[in-house]
Structures are given as structure tokens and as C-alpha cells.
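Notes follow once the structure below has been shown.
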Amino acid sequence: MAQRKILITSALPYANGPTHLGHLLEYIQTDIWSRFQKLQGHEAYYVCADDAHGTPIMLNAQKQGITPEEAVEKVSIERQRDFADFNIKFDNYHSTHSQENKELSELIYNRLNDAGHIKRHTISQLFDPEKGIFLPDRFVTGTCPTCKSENQNGDNCDSCGATYSPTDLINPRSVMSGAEPILKDSEHYFFDLPAFEGMLKEWLHSGTIQQEMANKLDEWFTDGLQQWDISRDAPYFGFEIPNAPGKYFYVWLDAPIGYMASFKNLCDKKGIDFDAFWAADSDAELYHFIGKDIIYFHSLFWPAMLEGANFRKPTNVFAHGFVTVNGEKMSKSKGTFIKARTYLDNLNPEYLRYYYAAKLSGGIVDLDLNLEDFAQRVNSDLVGKVVNIASRCAGFITKKFDGKLSATVMQPQLLKEFQAAAPSITAHYENREFSRAIREIMALADKANQFIDAAAPWVLIKDETKQQEAHEVCSLGLNLFRVLITYLKPVLPEMADNVEAFLNDDLAWDGVQNALVSHPINKFKPLMQRVEMDKVNKMVEESKESLESKVTIDPNSPLAKEPICDEIEFDDFAKVDLRVAKIAKAEHVEGADKLLKLTLDLGGETRQVFAGIKSAYAPEDIEGKLTVMVANLKPRKMRFGMSEGMVLAAGPGGKEIYILNPDDGSEPGMRVM
């Protein structure tokens, strides 16, 4: 088989928050494919980087009182540790905020500009007059122009699903300051995407992406492609556009160039020929693994940019679906929005690698992580089937046969059946049909266990006349196990490493065609523990605690101005006796600027209360009304007399004070519960 040159990427994770199990699907999928290609002997490289630019990162850094670079580094350290602990092995992990990315972004931009593919237009944008910044879509909220729902984002409505421009919002507000944005003109730079329409139509239907995605992207051509805004105004964290002071590359322009930059960084360190992989006439293969939500960036904008800048286009763009948990969208309140680190604190990372592989196909379907099925499948397949083969054979080899396998292979036809599965399993991995590969491997594991069950070496070993047969049964069992683990090596690299140490053998893909005979092995050690549901449940509970739902609060709202107090115990709250009271009489208090003297009827007794509501109410406006009072508050002696309770009211003060009024049907003396 000829050696191929292969460059593999996953989408660059945005450096603005922790990794969760939904993110990990893509990196596990890509890592499995990368490991498989390397096992085939190909020159394959898997690169990635932090997506480090944009307004959200800039603002997040400001909140923390650190620089954007420091904010990115903080997230990157945590993320790379998570990736490493999930056995995701990059050949290089870099950052889009790098010298390589700056140089390549400028190179591509200059080539596009020189070729006439960069246009300039003046546009009107919402601008925060208090913060002095143009507002991205998600930094504006207001009332939906379609359904009139309040507190909706600047680009789409969560209530009715409508999409719109931020300028279409009713009563828009800046998320940053609460101020009403103003419209302000600015010159922006645009990439002339329509100039590449013919090329894109042909490229999309040349087998470069899944057919269902190609059909979906055809919708972009129905109304005609639009020029793409590739600039943002200062202040902005990113790279300044050449010869355009105060203008910066939009994050989605330099983010995919980050693939090139990370590989360039690797090339410079390892002496690899960069142009052999990226030149327009390159015969290397380039594969992008991405989520289905960013397909249009990678299959419209990105190939057009590469074409216009005289670089090669991707060989394939592989899109995958989203992760659900227990059949539902990941939920913080239910504890199913699980961070990578929370998982790692409780469970073996290879459990998840296997479960994802067992459900992944080459299509674009969402993957459900059903936690009960997850435990059952790992326990049944890996512990009950695969590891069980070795655990039932290894001990006899060590104790009875000096730790050496037999000199001959009994039932060579059975071993050949396992070896003959290599081309089929190879094809499944190549086509990203991991679930099919797993099904075929597990079917072989069933056959291995059936062989051992029928041969019963634990019975043979007790018969002195059948020692050789017992030796050969256990030796064949371990040879079958060796083939299975080799097939699983891209999925379970840590287990494969441990098996290599146990068998004293390098598990090479073409090595399955040979048998281990008269071969010494080491003492068997447990390779995998069963998944315990109490640990799964503990992980879910910890996710509820560590990822408790946070509500986005309008900075101009009462809740933002006066946050909720610390929690109290229910017993403390139960001590407060709230009662409905009728304001029988209200009077001005001589010498008091803020107080009214209220006589409250509790339906059997009266109380005198001094309330600081004079700025909002005249006495005659509230006499006869029902309100709510704290009836068991210890009387307090004031300069104007004794106050025997407290009336409940809301508001920031001044004219904005609002007495609480119980609903119709309430009577004086009733307890409020």
C-alpha cells in the first residue's frame, strides 16, 4: 500500500470556556481517525489550535481584569490538559493569536485584495455610546420585531425563531452597559464570495462533503451569494487589517487560517515541507472534522478564500451531529451538561471513547449519550467480552506454562477468520463508520468467548493428560485477544498500551497476520474496571453543583442593581408572619420628610406602622387599600412614636415605590404563605 500524506484537523475550540462532553465528540472522532491512519503507516498529522480572537474573549478578559492573551492562556492550559487526559493526541496544538497566523492571514488577505476580491462598503451598525464600541449581534437585546417577545438576542428570537438584523429590534439595549445603542456608519471590508459561485457549486458536489450537507448548502445559491463582511472595528481583539488602521480581521477569517498556522508551526519545528500540503498543486490529503453548525464557514467561505489566494482546497469536510444526553439537549439543571474535568474526576476516559465510537457513523446524525446504556454497553462489550478473553487465559499461561505461549496454533482456521476481518474493519475506519467497525469486532469477540467456553481450559488444566491442550487453548485465546485489541487500538490507546506491555508485543496493524508462538508474556493485570452507576450518578450530581444554571441579567434590570441576598434556611423564613392588612387610615407625620403614619386593620386588631412611602403616595391615595405587612416584627420605638410592624413595598425609591396589594378575595388578617 502506497504511503499517503494526510493532514487532519478538528474545529478550533473557542478559548472562552471549559470543554464539555458535547465538544469531545469531535475530538475523539478525529483522534480515532488520525490514530487509524498512522497505524496504516501513512504520513499523517493531526493539528489544532485555540480560536483566540473576537469580542467575547476581549470582554471576558476585561471582566476578569486581565489581558485577552492571559484569558486565552488560562483556558488553553485547562483545555489541553483535558484533551491529553482523554488520550487525544495532537501532533501540534497552537493558537490563532500567533505570528504564523498573523503572517498567513495577511498573506491571504493581500492576495485576495490584489486579485480584486476585497470590496469596501459603508454600513450602519449599532454602537454603544457609553462603552464606545460597535456591538456584535449577541451584545444587543430587545423586543422581537415579529412576535414582540422581550429580552431577545440581536440576531434571532428564542420565542418564535425569527431571524433579523440587530437594527430591527424594538427598544434595543446594549448588553454591556444597558444603554440604548445608536446607529453609526463605518467603512467595512468585504470578501467577494459571489465571484466564486461557479467553483463552489462544482466543488460541493464533487464528493468533498456529505451529500445531505451539499444539498443543504445549495440553498445559499437560491437567492445568490452575498459579499462577506470580514472586518470589525476597534476596539477588537485580533489582527489589524494591513493598511487599514482601526480595522481588524473578523474572527471567522483568521480562525480557519489557524489550521495552516498550526501546521506551519509544526513544519518549522520538525522540518516538514509546508507547501507539500498546502500548495495549489499539492497531492497531499486535507481533512476537516467539524460540527454541522459551522459547515457553511468551512464549505463556502473557506474554500473560496483558499481558491482566491492560490492555496489548495480541502479533500473532504466531515460534519457530525450534536450530542444529547438521555434523549434530551444537554441540561445544566439536570446535571447532563457535563464538563470534561467532571467526567475525568469520576470515570475512565476510554469508556467515553468506546461509547462514542460504538455510535458514530459517517452520517450527520445526533448522538445520544444514554447514561444507562453507556454503562451497560461498556460493561458488556469491553469488560464482559474483550477483557474477559485475556483474564480467562492469561493466568494459566503464567502459572502452568512459565509465561510462554504454545509453539503451535490450534484451530488455525479460527485465527485466520479473525485475521481475514482486517480489510473490512479497515474500510469501516477509513469511511468513519466506527460503529460498523465496533459491531464487527464485537462479533469476533463473541466467537472467541464461545471457543473458550467450549474448550473450558479451567477443566482441562485439572487433567494431567490434557495440559498441552489447555496450553494451546489459552494461547489461541490470547492470540485472538491480540487481534481484537489491535483492531481497537485507535479507539482504546491506553488499553492497547497496557496490552502491549502484557503481551511483550507491538500491536501493529499488519502484525495481526502473524501469530505469537513460543512467545513470553508478562503477568496479567486488570485492564478495565466495570462502570459503576453510583459514579455515573455522582458525576451528574456534581455537574448540577458545578454548572448550575446561570441567568443572563440585563445590566439595567432591578436584579442587576440589587442582587438576591444569600440563601436562608426554610426554618428562618417560617419565623416571618406575613398578614393581609387594610390601610384604615394614612396620615402625614409632622417633621418627617419620608414617612407616612399608617393605621392597619388586621381583622380583629389594629397596628400603627411608620412607612417610608411619602415620596410615592399621598395619604388619600392608599386609604382603604389592602396591603401585606410583617405582623410579628418586634415593635420599634421611633422619634415619632411606636412602629408595630412593616409594610411590604418594592422599588428603588423616590417616586418609584410600589406597595404590595393582595389579589381580590383576600381579607384582613389572612396569612400570606
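Just so it is clear, glycine is given a Cβ too, placed from its N, Cα and C backbone atoms.
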Where Swiss-Prot places motif ''HIGH' region' among the ranges 13-23, 112-122, 519-529 = 13-23
In Swiss-Prot, which of 34-38, 324-328, 329-333, 399-403 is tagged motif ''KMSKS' region'?
-> 329-333
Among the binding-site residues CYS144, CYS147, CYS157, CYS160, whose Cα is within 10 A of the Cα of LYS332 (ATP binding site)?
-> none
Where's the emptiest Cβ shell within 10 Å among the binding-site residues CYS144, CYS157?
-> CYS157
Count of other CB atoms lying within 10 Å of the CB belonging to CYS160 (Zn(2+) binding site) = 12
Structural state census, the domain 'tRNA-binding' (572-673) (DSSP three-state) = 7 helix, 46 strand, 49 coil
